[in-house]
Amino acid sequence: MADQLTEEQIAEFKEAFSLFDKDGDGTITTKELGTVMRSLGQNPTEAELLVMINEVDADGNGTIDFPEFLTMMARKMKDSDSEEEIKEAFKVFDKDGNGYISAAELRHVMTNLGEKLSEDEVEEMIREADVDGDGQINYEEFVKMMMSK
């Protein structure tokens, strides 16, 4: 996982890590973790921090070493990449940029992708994703649909 990071990213993470490694022993406490991540432009919730810490701090000693920290940051960055990809995909479908994907927009994109859909098939796709029942797909519904695939 950490091998997908660039040298610049690793250097940046090392610098931030060192700032919070007060005694220079190569570990930071779980409490300091949130501060480190915020300094790198991430904004984890308390719940996300707990999950990350539990995943990383295998021995439960309350500290995280640099290799563990790198693995965790690589995971976090991978997650935000896929979020960006979903936003871009939504823009492709939302031709008029009104924040909704209509049946016509869905049919148009699917046709361009080589999928000739009947009226019923398009309606069915909209129905499956359309949580609030307004006949079109908003961004939240689109994200749910993409994540469930």
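Glycine residues also receive a Cβ, built from the backbone N, Cα and C atoms like all the rest.
Copied over from Swiss-Prot, here are the features:
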MOD_RES   Ala2  N-acetylalanine
DOMAIN    8-43  domain 'EF-hand 1'
BINDING   Asp21, Asp23, Asp25, Thr27, Glu32  Ca(2+) 1 binding site
DOMAIN    44-79  domain 'EF-hand 2'
BINDING   Asp57, Asp59, Asn61, Thr63, Glu68  Ca(2+) 2 binding site
DOMAIN    81-116  domain 'EF-hand 3'
BINDING   Asp94, Asp96, Asn98, Tyr100, Glu105  Ca(2+) 3 binding site
DOMAIN    117-149  domain 'EF-hand 4'
BINDING   Asp130, Asp132, Asp134, Gln136, Glu141  Ca(2+) 4 binding site
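Per DSSP, the domain 'EF-hand 4' (117-149) is made up of 20 helix, 2 strand, 11 coil. Ranked by CA distance from Thr63 (Ca(2+) 2 binding site), the binding-site residues Thr27, Glu105, Gln136 have Thr27 at the top as the closest. Across the domain 'EF-hand 3' (81-116), the DSSP tally of helix, strand and coil residues reads 23 helix, 2 strand, 11 coil. In sequence order, no residues are near Asp25 (Ca(2+) 1 binding site), counting only same-chain partners six or more apart with C-beta under 8 A. Among residues of the same chain six or more beyond the domain 'EF-hand 1' (8-43), those with a C-beta under 8 A of the stretch's C-beta atoms are 2, 49, 52-53, 57, 62-66, 69-70, 73, 76-77.
For the pair formed by Tyr100 (Ca(2+) 3 binding site) and Asn61 (Ca(2+) 2 binding site), distance between Cα atoms is given as 48 Å, rounded to the nearest Å.
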